């Protein structure tokens, strides 16, 4: 069962602006926080309120700063480890876990928060004429490996601090004694709204995650993706003019292995078919379609991003096997 203590840990601020934190990761012994150098300007908040402008105008990006990855003890709430990475923007963690003296953190990362500017209606209307529009969305899933047992006395050697087999992620001491971590790319496809087999593998070692494509210039941007983090290979599903939502893994009753189940995703269609809605069922192992339900609505349906699946036992209030032990 998860327990929380009040922490008095201080986090980064830039020019008295408020930092934008998006996710909190949990492993067996740590809370994991990635402090990206994206802040909410206090003065900007006042200005947008007066001008009745969107809050996105309050964001400030400090590209010259590092992203700081912090580990807090779940027992004490105190900050125990700090790592630095070249500035990146993110929306979602994929998963995080501990392995042989290291914390593994998988995140969908972007070079900067330019994608936020793509959300304006005027920008979307002009995206066909903007050659940089796709680049603004260009992100990739990455793995950071954070070494826990380091020796500052050996900081002058320049050796890779990551001693875990089977990873290309690296960590080095900087001249000031801080540790710089460099990630390994998990695949060469843009992935967003990543999900895993949460019931068994949240905060623990895992192999597979599921996502939707974030590459808007792909042959079919409405692609569902399965990533094998061990072999760095992918499986995909797509259909012309079809745009799925966040894929949800549903385990088979009494499942025997990590991807023993199905993947569910809601679908909408574009162009002249915007009243068309569906639910897709994929075999989680092969990523082959098992079935679907489709129907039409009186009016167009907007695309959703997030979803969840509740088995009958949870609907009845009998939540089972959903806690990190």
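Using the three backbone atoms N, Cα and C, a Cβ is placed for every residue, glycine included.
All protein chains included, residue 306 (Fe cation binding site) registers 10 other Cβ atoms within 10 Å of its own Cβ. If you look up TrEMBL, you'll see 92, 306 marked as Fe cation binding site.
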Around the C-beta of residue 92 (Fe cation binding site), how many further C-beta atoms are within 10 angstroms, looking at every protein chain?
19
